[in-house]
Amino acid sequence: MTPQQIDTFFATLQAANPMPASELEYTSVFELLTAVLLSAQATDVGVNKATRRLFPVANTPATILALGQEGLESHIRTIGLYRSKAKHLLETCRILVERHGGEVPGTRAELEALPGVGRKTANVVLNVAFGEPTMAVDTHIFRVSNRTGLAPGKTPLAVELKLLERVPEKYLPHAHHWLILHGRYVCQARRPKCWECAVASCCDFEPKVRAER
Ligand code: SF4
């Protein structure tokens, strides 16, 4: 994609959805961190189902710690890898209480030091909660960036760095949500809906997929 095409790509996504938001449900930075931590290899819908049970009972580091491993597992057992996620979340809560006064820290180094929090989770929290123009490359962003020619790369980190270099600054705050939503609903993994895609004119993917008759 040329810089002009990249601009048109994001201008089009922006016009269709000026204020995109995460589909994970949360009402505080800690709830966001918890939801993202639970979302690895799980769908947002599945995570929301579990957190709707968990958050009314415990939605702070101290109250989740008080649940203990078994208590926490009982609320999130519908999510894949729930045992290790519960273990990581409890350890993260302990660190938040002991070192951060029960608050979620706002730097990458402090976030990535939390168990179960990798670069992608830190990027989501930094972007959504702290307004930093980071790019959390999930499976959708990785695919869309490569397929369209927006930011090709062999690893999520390579794609992340290329996106930060190529996406115009004015679009950076919301770019990761636009790309996730575009990948989830239009530029889907198995069969991208090129025939109804608003950004088809600036996408490198060829041949475009046609609607079935
Ligand atoms: S034209 Fe097709 S491949 Fe390109 S962004 Fe749209 S859906 Fe994806």
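For all residues, glycine too, the Cβ spot is worked out from N, Cα and C.
If you look up TrEMBL, you'll see C187, C194, C197, C203 marked as [4Fe-4S] cluster binding site. What TrEMBL lists as domain 'HhH-GPD' is 38-185.
With all protein chains in the displayed structure included, the most crowded Cβ environment within 10 Å among the binding-site residues C187, C197 is that of C187. Other Cβ atoms within 10 Å of the Cβ of C194 ([4Fe-4S] cluster binding site) number 18 in total over all chains. The average pLDDT for the domain 'HhH-GPD' (38-185) in the predicted structure is 95. Helix, strand and coil residue tallies for the domain 'HhH-GPD' (38-185), in that order: 100 helix, 0 strand, 48 coil [DSSP]. Listed in sequence order, M1, F9, R147, T148, G149, C194, C197 are the same-chain residues at least 6 apart in sequence whose CB falls under 8 Å from the CB of C203 ([4Fe-4S] cluster binding site). Taken residue by residue with DSSP, C197 ([4Fe-4S] cluster binding site) is part of neither helix nor strand, so it is coil.
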